[in-house]
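Asker: Dumping the structure here so I can ask a few things about it.
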Amino acid sequence: MLDTVRVDLPGRAYDVRIGSGLLPEAGGHVLPLLKRPRVAVVTDETVAGLHLEALRAGLARDGIEMSALALPAGEATKSWAPLERTVGWLLDQKVERGDVVVAFGGGVIGDLVGFAAAILRRGVRFVQIPTSLLAQVDSSVGGKTGINAAQGKNLIGAFHQPSLVLADIDVLGSLTARDFLAGYGEVVKYGLLGDLTFFEWLEQNGPALAAGDKGARCEAVRRSVQMKADIVIRDETEQGDRALLNLGHTFGHALEAATGYSDRLLHGEGVAIGCALAFELSARMGLCSQESPSRVRAHLKAMGMKTDLHDIPGDLPDAACLLDLMGQDKKVTQGKLHFILARGLGEAFVTSDVAASDVLMVLEDALRSK
């Protein structure tokens, strides 16, 4: 069971290989990239405890030596001090420009390690081995790397494409139900932004996906990655179409900031709630029928996911403060906030023509329900 999606960027093309049993075969996939048989792996402590020795064995089968650094798990690792620690460790390992760094973990590790690779010796190659559903379908593909700032999420970073992505769906079996469903928020996003047929497939197959059906998981990852690859090829540095991939993120990032990037709200949970709010805003503006946000929420609820602000534990700031947090989003251009809205399921578009009063009303209604 192996699917390959080619991200066909001029001069920087790479494969995303999706399947079962890729970790034990990692050496065979990575070896053709190496000038000498060694790699530096950066992971987090949770993934290290579960999968690091399997990766070491998979690399050793092809004679590849591995050194490893395990950072604390969690969003707080996506910040300056862990970045400095990672770069310092890579320099201590004497990683050369011709070597390969491996990002082995979820979205936090992929973003951090990709950024470290981008700035180390002005750019070394790296391989993504994503271990969460969110990372497999989204953050490991497309070359966005970076860290968070006190002022907002993903505000410091670089575009740096990986040389290879290995998405082994077997490792998804070690995720908690909450982490798996957080990643599913990004999967649903793809159907909502541009593929109604995929969303309908998810409505039918989502429960099997969550229950561990390998065929369904492979298909969901493949379709998500293919859609992202197609968009990235058209617009690598987010000058146009790539912004569609931020459906749900303008609201979601503000909610993450409001909860202090803590365990109260995982990134994918914020995206799922953000998608529901984006469709609510679209309906309020008369762009789509009220049936669209209702159907989005119905599917998320059926999957046991967070769908509304009342699903977030603890207090939240008021609507005006949330709107101000949205203004820190990296999608602001000339002081104007860009929204990804929709004319219906699978029909998203980018616009800055949104009245602040409409956004405030949607947020106030959502907070009232809390």
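Using the three backbone atoms N, Cα and C, a Cβ is placed for every residue, glycine included.
Keep in mind it's a predicted model, so treat the numbers as computed, not measured.
Annotation source Swiss-Prot lists NAD(+) binding site at GLY107, VAL108, ILE109, GLY110, ASP111, THR131, SER132, LYS144, LYS153, citing sequence analysis. Residues annotated as Zn(2+) binding site in Swiss-Prot, with sequence analysis given as evidence: GLU186, HIS249, HIS267.
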Asker: Which one is it, among the binding-site residues GLU186, HIS249, HIS267, that lies nearest to ILE109 (NAD(+) binding site) by Cα separation?
Answerer: HIS267
Asker: Give me the Cα-Cα distance between HIS267 (Zn(2+) binding site) and GLY107 (NAD(+) binding site), rounded to a whole Å.
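Answerer: GLY107 (NAD(+) binding site) has its Cα 9 Å from the Cα of HIS267 (Zn(2+) binding site).
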Asker: Where does SER132 (NAD(+) binding site) sit in DSSP terms: helix, strand, or coil?
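Answerer: Where SER132 (NAD(+) binding site) sits, the three-state DSSP reduction gives coil.
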Asker: Count the Cβ atoms, other than its own, that fall within 10 Å of the Cβ of SER132 (NAD(+) binding site), considering every protein chain shown.
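Answerer: The Cβ of SER132 (NAD(+) binding site) has 29 Cβ neighbours within 10 Å.
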Asker: Counting other CB atoms within 10 A of each CB, which of the binding-site residues ASP111, GLU186 comes out lowest?
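Answerer: Comparing Cβ neighbour counts within 10 Å for the binding-site residues ASP111, GLU186 gives ASP111.
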Asker: Quick check: with GLU186, HIS249, HIS267 left out, which same-chain residues have Cβ atoms within 8 Å of the centroid of the Zn(2+) site Cβ atoms?
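Answerer: The surrounding set, listed in chain order, is LEU134, ASP138, GLY185, LYS189, GLY248, GLY252, GLY268, GLY270, VAL271, GLY274.
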Asker: Just how many other Cβ atoms lie inside 10 Å of the Cβ on GLY107 (NAD(+) binding site)?
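Answerer: So the Cβ neighbour count for GLY107 (NAD(+) binding site) comes to 26.
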Asker: Taking the Cα atoms as reference points, how far is HIS249 (Zn(2+) binding site) from SER132 (NAD(+) binding site) in Å?
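Answerer: Between the alpha carbons of HIS249 (Zn(2+) binding site) and SER132 (NAD(+) binding site) there are 18 Å.
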Asker: Through the lens of DSSP with three states only, how would you label GLU186 (Zn(2+) binding site)?
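Answerer: Once the DSSP labels are grouped into three classes, GLU186 (Zn(2+) binding site) ends up as helix.
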Asker: For LYS153 (NAD(+) binding site), which residues of its chain lie six or more apart in sequence with Cβ-Cβ distance below 8 Å?
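Answerer: Spatial neighbours, sequence-distant, of LYS153 (NAD(+) binding site): HIS253, GLU256, ALA257, TYR261.
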